[in-house]
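Asks: Got a structure for you, written out below as C-alpha cells; questions coming shortly.
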Amino acid sequence: MARNLRNRRGSDVEDASNAKVGYETQIKDENGIIHTTTRSLRKINYAEIEKVFDFLEDDQVMDKDETPVDVTSDEHHNNNQKGDDEDDDVDLVSPHENARTNEELTNERNLRKRKAHDPEEDDESFHEEDVDDDEEEEEADEFEDEYLDEDSKDNNRRRRAADRKFVVPDPDDDEEYDEDDEEGDRISHSASSKRLKRANSRRTRSSRHPETPPPVRRALRSRTRHSRTSNEENDDENDNSRNEALTLADEIRELQEDSPIREKRFLRERTKPVNYKLPPPLTASNAEEFIDKNNNALSFHNPSPARRGRGGWNASQNSGPTRRLFPTGGPFGGNDVTTIFGKNTNFYNQVPSAFSDNNNNKLILDSDSSDDEILPLGVTPKTKKENTQKKKKKKPEIADLDPLGVDMNVNFDDIGGLDNYIDQLKEMVALPLLYPELYQNFNITPPRGVLFHGPPGTGKTLMARALAASCSSDERKITFFMRKGADILSKWVGEAERQLRLLFEEAKKHQPSIIFFDEIDGLAPVRSSKQEQIHASIVSTLLALMDGMDNRGQVIVIGATNRPDAVDPALRRPGRFDREFYFPLPDVKARFKILQIQTRKWSSPLSTNFIDKLAFLTKGYGGADLRSLCTEAALISIQRSFPQIYRSNDKLLVDPSKIKVKVSDFMLALKKIVPSSARSTGSSPQPLPELIKPLLADQLNNLKNKLDYMLNIKDTTFQRNTSLLQNFIDYEEYSGEEEEHDKYGGNEDTSSFRSYEFFESMAESQICKPRLLINGPKGNGQQYVGAAILNYLEEFNVQNLDLASLVSESSRTIEAAVVQSFMEAKKRQPSVVFIPNLDIWINTIPENVILVLSGLFRSLQSNEKILLLCLAENLDISEVKNGILSDFAFDKNIFQLHKPSKENITRYFSNLIELLKTKPSDIPMKKRRVKPLPELQKVTSNAAPTNFDENGEPLSEKVVLRRKLKSFQHQDMRLKNVLKIKLSGLMDLFKNRYKRFRKPPIDDAFLVHLFEPETSNDPNWQPAYIKDENMILEVSTGRKFFNMDLDIVEERLWNGYYSEPKQFLKDIELIYRDANTIGDRERVIKASEMFANAQMGIEEISTPDFIQECKATRQRDLERQELFLEDEEKRAAMELEAKEQSQENILQEPDLKDNKANEFGVAAGNQLQAQLQTTINTASIVNNSEVPQPIDTNLYKKEIPAAIPSAVDKEKAVIPEDSGANEEYTTELIQATCTSEITTDDDERARKEPKENEDSLQTQVTEENFSKIDANTNNINHVKEIQSVNKPNSLHETVEKRERSPIPKEVVEPEQGKKSDKELILTPEQIKKVSACLIEHCQNFTVSQLEDVHSSVAKIIWKSKSAWDKTGTVDEIIKFLSE
C-alpha cells in the first residue's frame, strides 16, 4: 500500500472518465471472488507499515527539537494559509512540481509494476533483500530529479559515490548473521538509505505544514549503522528539498492506471547469480519441515531475516530434537539434545528409568517434603491450618530463660564418697515434697540454699545434676535452671539485675525448681571500694532475691565455686546459703567407690582386689581425675589389642569382647594422668614410697601414734564428712539418760543437756594445743615424712603456708595470705596448718608475719582441732624454746628424725641383691613381634544401621550408593547454582567481546550427515567433514577441529553441566586450540586473550574450600552417571527381551543363557576385566614353554640352609634339615629353579652384607625365595609334592600378610625371649661380699645419701643384666664402694 500511495505530480481532469471505466471492470481471483480493482488483490504487510509510522513519528520529534526556525518557511506558511483554509484535502503544489510530465510518471509506474506480487515469493515481497539494486537506484534518481535542480542532482551523485567508497562495512556488526544475510544487507543498503532520505525530506515538509500532513510514503528501517548515520547527516540537506503533495486527482488516476486490463506483463528477470551448490541431504525431520514450509509459503508467519538465515538446513531442527556435537544436558535442562561426542545422561533422576513408567519427569527432583507429593486425581492438597488461637508473645527479655533439660541417666548412684551430702540434699528437696506434714508439725522451712565449694573436679556440678534427676519423677517434675556468670552479665546498665529478677520469677512459676549458679564467685564477688559498681549492684539484687521481703517458694539455689573466700560474705549465711558443702579430694574409700562406678558397666569388670590396690595408688586424684584415668586405661587397652585400626582409614572388623583392661594399662595411664592436686605448688599428700619404707617406716609409725594421742582421732564419735544417717543406722540411741536424770537435780531435759555437756567436755579436754615439729639431719627424708603424714590426715582440711603459696599472688600481702589461710582452717575443723622447711621459712618471712601467725594461734582455745605441723632440717632447739618460735609452744611436741639403722640399711639394699641374682631370661623386656599382626577385614558399608531395610535385611551396595547420592542432591544443586553465578560474569564478557567465537569453525550445516548413520555409510557419499574420535576431520586439508563455540559453553553453563570451574576452562581451551588450527592471526590473538581472561577469572573465584566441594560434587556426578548408564543398559536389555518374547513364543534355553551371560553392568567391568586377566595369566603360565621343570623336594632339603630363629613357629615356617650349604650356592640354586621374576640384584646385594649378619640375611633370603617359588608355581601340578613335604603355603601366607600389614615387619632377636636352664656365674660368697661392703660403706648415712648410693649400684647391675657371668659386675660394685 505504501508503494502504491506514491506522490503524483499534477492532476488531469480528463482522466476521470478513464477512472470510471476502470471501476466497471470486474476481476476474479484464484478463489473466484470478484474484484473491481487490483488494489484489493495486493497483500499488505501492515506490521511493516506500522513500524514505518513509528519510525517517522520518532524522527519528527527529533526534528522538532533540532530544526532551527526558518524565516522563509514562516513566510511561506503565512502565504499559503489561505489556501489551506479553503480546502484542507488539497496540498499546495509548486510550479516546479507541476512541470513533471506524464511520460515520466508512466515510466515510474512501469518500474513499480515490475515488482508485481508473486505468490511463490511471498516472503521476499516484504523484505528489501529481494529488491533489485539497479532498479531501486534508478527509481530513486528519478524521484529526486523531480524536485532538485541540476546542481543538486550532481552533488547528490558525487556524495553517494564518495559514501560508497569511504564507508567500510564493519565485520563485527554482522558476525551473528550468515553469509546470505550479509549479502542481502549489502544489496539493500543503498536502497534503504535513499528511502530514508526521501522520508526525512517529507518529515521536514510536514513539520513546516502541520495542518495538512501528506500521505506517508513507505520508509523501511535500515539494518545497518551506516544507513542511520547517513540519514542523520543528510537531515540538514533535505531541509531545502521541495515540497510535494498528493491530490485527489492523482489518486483517482492511479486507481485507473492500476487496472489489470491496461497493465503490461513483464517476465521475471533474474538479478542474482545462480547458486549451483548442492544442499545437504534432507533428513526425516528436515524433509517434513521443508514440505510444511512449501505448503505454508503464503502464510505471514515467516521468521525474521536473522532467524531465517541462521543455521541453513539445520534450522528446521528447532521443532524436532536438538542436535549438538557435545552434550549440554544438566539438572536444569538440555537433556533432549542428540549428541555425537558423548551422551546426555539425566543422572539426577532418582528413580531408575528401567523401573519407572514416567520418564518425562526426569528433571523433577525428589523432595523429602510432604508438600511435593503427587496427589491423586480430584484430591485437593491439604492446606496448613492456621492457628486461630492468639499467639503468645515471645519474651525477648532473656535469651536463656528456658529451663535446662535434665539428664535422667545421672543419679546419686553415680556419685561416690559423698553420702553425707546426698542425704542432706534429699532432705532439702525430696522430703519437703513427700512429707510436708513433718515440716508443718514444727512450722519450719527446709533449707533453700546451699554452697558447694572445693577443689576442681570433685563432683560439684555432677551433684547438682544428680539432684535434679533423682528427685524428678513422673508424678513430680523438678525444673532445673543452670546459669553462669556470662549468662547474666550484660553491657547495658541494669540489664543483669533484670535478668536475675526474670530468672527467679520464671523459677517461681515452675516450682519446685532448682537454680544452679556455676562459678558463683564471678557473679557475686566480695564487695569492696575498689570494685566496679555493676558487681555491687548485682550482688545486692541477688541478696534481695534470695532472702528478701518476698517468699521465693520452693526454689532452691545452689552455688558452686572453687574459691569460697571470693564469694561475698553476705551470701554465706542461713537464709541464703543455709548450708555449705565442702567437696574434698576423695579418700581411699571414696576412690574405691568412684572406680567401681566408672568400671561397673565394662564388659569385663575389674576385681575387688584390683580396684582396692588402684585406689591406694591414686592418692590426690579427684572424681574427674579418676574418670579420666579409667578412660585412658581403656584407650590404651584398645591400642594394645587392635593397633591396626589406627593405621587404617577404613572401618575394620573388630571384636570388642576380646579387649580386656590389664594392670599394665592402668600403670601406663597413671604415668600419663596428672591429677589436679599435683598441679598446685607445695607437697601433696602421698603415702610413703615402697622403696623408702625400709628406711622411714618405723619412724613414721611412731609419728602416727603421737598424732593419735594429740588429736584423739580414734575416739571421735562423729565426723563432719560422715553421714549422720548412717551413724543412726549403725548405732542405737543412748538409753541410760532417762534413768539417771535425778542425779543432776533437774528434770529430764536438763539432765540430758548436762550429760551431753559433760561427756563432750571430757572428750575435748583430751586435746590441748596440738603442735608438732619434725626436725632431723639435712636430707633425712623430711619431704617423705611430711607427705605421708598429710596422707594419714586426709580427712583434715590442710592449709599450706609454704613460701610459694604466700608469695605467689602479688595482689595481696603475705600477712593477708596468712590470715586468710588461718581463717579457713578455723572454719573447717579439724584442720592442719602445714609449714614445710621451717628453718628457711623463719629466715625468709618478715618477723611481723611470724608474730601475726603466733598471735592467731594464741587466740585459739586449747581444745580446738587446728594442728600446726612444721618440718625442719638441722633446726636449733634453743631457738625453738627461747627464740622467735617460742610462742608456738613446740616444747613437748618436737619429733627428732634419726638416721637409718643398720637393719634399715640392710632391708633397703636387699632389692639390689635380688636384682643381682636375677637371670637375664627372667628380666621382662620388650620383645619384638615374631609374627605380623593379623590383617583385619574391612567392614562393608552395609554394617551401618541406615543401610538396612525395614525388615532388617542389609541393602545392596548400589542401593546404599543411591541413598547417599540422594542425600547430597540438594547440596550439589545449590553448588551448581553458585558456580553458575560465579561464571556468569565471564560468560557475559565473552559473549560481548568475542562474538566471532559464538559460531563454530565448521558450520553445523556441513555436519548434518554425522547424525545420520545411513548417510554416512553410503559409499557414494563423500562428505567434506568426518568424525575422527572426539574431533572433526576436514578431509581436504587433514586438519582436526573440536568445533566448540561460546553458544555451547553458555548452554552448558546454564543447564548445570559444569560441576567444577576447570570444565568451563577446558571448553574455552578447545576454542583456543581450534583458533590455532585455523591459523588466522587475529582469531588466534582474540582466542588467546579470551583463554587468559578465563584463567585469571577462574583463579579469582577459586578458593580451596570451594574447589574441594566442586571436586566432591564432580565425583558424585560421575557416580550418578555410572548408575544412570547401568539403568539404561538394563532397560534396553528388558526391552530387547520383551521384543524377542513377542516375536517368539518359546525361547531356546541355550540362547537365553548366552544372552544373560553376555549382559554385564557398568560396575562389573573392572571385575570382569580382572577375571579375564587372571584367566589369561593362568593359561599363559600353564601353556608357556619356559615353565621350569618339576622341582626336586629332596634337593631343597639338602641344599637350603636353615637359619630361621627358634622363636618362629615351626608349624608355619619351613625349616630345612641340613644347613651346611653356603649362601652363594643356595642363591644360585633358587635362581636357577625359579622363574625369570627373581633377579640377581638381590643376590649381589646379599653378598655385600657383612659376615656378622649372615644368619639373619640367610633367613630373609630363604623366606623371600620360598614365597616367590610358591607364588610362581601355584598352578603347576608338581607344587603339590613340595607342599606335602616342606609346607611352603603357610610360609607364603605369612610373608604375604606381613607385606600387606600396615605395621612394619619386625624380626625377633635370637637372644630375646629364650628361657634356658643355664645358671648364673655368681657365688654366695660374692653376694655376701657385696652386701657387707654396702652396709659398711653406708654407715651413718642419711636417707638422701643412701638414695644416691642405691641409684649408682642399680645402674651398674642393670647395665650387665643380660650377662650370665656376674663376676665383672661384682668387681665393679666393690670398686665403686671402695672409691
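Note: Cβ is positioned from N, Cα and C throughout, glycine not excepted.
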Asks: Can you tell me which of these residues Swiss-Prot lists as phosphoserine: S192, S370, S676, S1290?
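Replies: The phosphoserine feature in Swiss-Prot corresponds to S370.
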Asks: Which residue from S259, S304 is recorded in Swiss-Prot as phosphoserine?
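Replies: Going through S259, S304 one by one, Swiss-Prot annotates S259 as phosphoserine.
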Asks: Looking at S901, S1016, S1256, which residue has the phosphoserine feature per Swiss-Prot?
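Replies: That would be S1256, per the phosphoserine annotation in Swiss-Prot.
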Asks: If you check Swiss-Prot, which of S603, S752, S1142 turns up marked as phosphoserine?
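Replies: That would be S1142, per the phosphoserine annotation in Swiss-Prot.
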Asks: Going by Swiss-Prot alone, which of S369, S528, S921 is annotated as phosphoserine?
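Replies: Record says S369.
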Asks: I'd like to know the mean pLDDT over the region 'AAA-ATPase' (450-578).
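Replies: Over the region 'AAA-ATPase' (450-578), the predicted model scores a mean pLDDT of 82.
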